[in-house]
Amino acid sequence: MSLQAVGVLGTGRYVPERVLTNHELEKMVDTNDEWIVTRTGIRERRIAAPEQASSDLAYEASKIALDKAGISPEEIDLIIVATITPDMSFPSTACILQDKLGAKKAAAFDLSAACSGFIYSLANASNFIATGTYKYALVVGAECLSKITDYTDRNTCILFGDGAGAVVLGPVAEGRGFKSFELGADGTGGPLLKVEAGGSRCPASPQSLEGKQHFIYMAGAEVFKFAVRIMGSAAEDALRKAGIDKSDVDLLVPHQANIRIIQSALQRLALSEDKCMINLHKYGNVSAASIPIALAEADEEGRLKEGDCVVLVGFGGGLTWGASVLVW
Ligand code: ACO
């Protein structure tokens with residue numbers, strides 16, 4: 001069976017209006033702008049309004065992506081939302097989004113792979129289209145990390161922000177679109193990055209609230225070491241699978257966790273910083289939303305030209321990682 005070439009038909013992003021700067025964080029925890037900038041590269045992040053949930057951010061980003069693709073919600077066959085901050089346990093955020101958009105014929109589900117979730121979701125959706133099961137898919141990364149962040153914990157609260165990015169996937173001409181996916185997981189590293197309570201292991205209770213177990217816990221230094229190792233190797237593996245040399249990469253769109261992690265990936269791939277989309281200074285780490293927001297912003301800035309070789313790469317809780325090579 002010959003496979004249909006699948007690519008990105010439109011991109012969109014949305015970030016909430018409220019900006020939380022490093023200087024404001026100085027007043028909340030024992031930190032300072034200089035420490036945050038030199039250790040992470042982050043200067044500010046966006047914070048959702050109390051009434052905003054992930055599906056609201058996803059909806060705004062999706063409308064833009066659909067508009068750019070020239071595809072109506074009724075034409076969408078599949079919606080996947082990558083998120084670790086769903087509106088609620090169930091129904092899925094994807095079903096809530098399907099309703100908001102009026103995408104009546106779309107199958108819809110959430111995908112949980114933390115910051116790698118968007119690349120995992122792209123792999124899923126593109127396979128459905130490549131095999132002819134579906135024609136158009138909406139893939140969204142949407143997060144309200146501020147809602148699960150402890151703003152008394154300086155180890156984590158300086159890192160995270162809120163936002164959403166979306167892409168519409170569909171058939172493209174032979175030679176363009178996704179060339180490879182490289183996905184991986186190492187469950188032994190699960191305890192390094194987690195929200196412990198609220199699931200079936202540790203349901204919500206007065207004790208779980210007291211113990212702040214509904215907030216993100218992160219062993220930062222260990223995650224950092226893992227990230228430095230995996231970002232370069234996952235991107236290299238995806239390029240090898242695609243049969244493309246790293247010298248032919250036009251743009252790297254990495255997960256925006258820490259500028260030092262991005263720089264180490266650039267070094268390994270022998271790429272200069274002008275071949276990399278970096279926006280973490282404005283938005284911080286937005287988990288599953290960070291790659292699609294960066295991709296949409298690169299698109300807006302005219303940094304994606306037809307025929308360009310684009311590499312997406314991310315890592316996150318699970319532990320998980322993912323990389324993809326596509327010809328724009
Ligand atoms: N301000 C000032 N000092 C701080 C802060 C802060 N905000 N946070 C930590 N420190 C202190 C520490 O307490 C420590 O002090 P000590 O030496 O007296 O104990 C010192 O700074 C150094 O701490 P380290 O943890 O060694 O700092 P490091 O250089 O590793 O940077 C950071 C910490 C930024 C968290 C880094 O480890 C990192 O980026 N890790 C990866 C995080 C990540 O990418 N997560 C992604 C996944 S998110 C997801 O999947 C949802």
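Cβ atoms here come from the backbone N, Cα and C positions, even for glycine.
Please treat TrEMBL annotations as automatic predictions, because they have not gone through curation.
Here is what TrEMBL records for this protein:
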DOMAIN    109-187  domain 'Beta-ketoacyl-[acyl-carrier-protein] synthase III N-terminal'
ACT_SITE  Cys115  active site
DOMAIN    239-328  domain 'Beta-ketoacyl-[acyl-carrier-protein] synthase III C-terminal'
ACT_SITE  His255  active site
REGION    256-260  region 'ACP-binding'
ACT_SITE  Asn285  active site
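Shown here: features listed in TrEMBL, placed on the structure.
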{"residue": "Cys115", "record": "active site", "CB count, 10 Å": "31"}
{"residue": "His255", "record": "active site", "CB count, 10 Å": "30"}
{"residue": "Asn285", "record": "active site", "CB count, 10 Å": "23"}
Using a Cβ cut-off of under 8 Å, list the residues of the same chain at least 6 residues beyond the region 'ACP-binding' (256-260) that approach it.
-> 39-42, 115, 159, 224, 227-228, 278-281, 283-286, 290-291, 293-294, 315
Quick one: Cα separation, Asn285 (active site) versus His255 (active site), in Å?
-> 8
Counting each residue once, how many in the domain 'Beta-ketoacyl-[acyl-carrier-protein] synthase III C-terminal' (239-328) are helix, strand and coil under DSSP?
-> 38 helix, 22 strand, 30 coil
His255 (active site) and Cys115 (active site), distance between Cα atoms, whole Å = 7
For the domain 'Beta-ketoacyl-[acyl-carrier-protein] synthase III N-terminal' (109-187), the DSSP helix/strand/coil residue counts are 26 helix, 31 strand, 22 coil
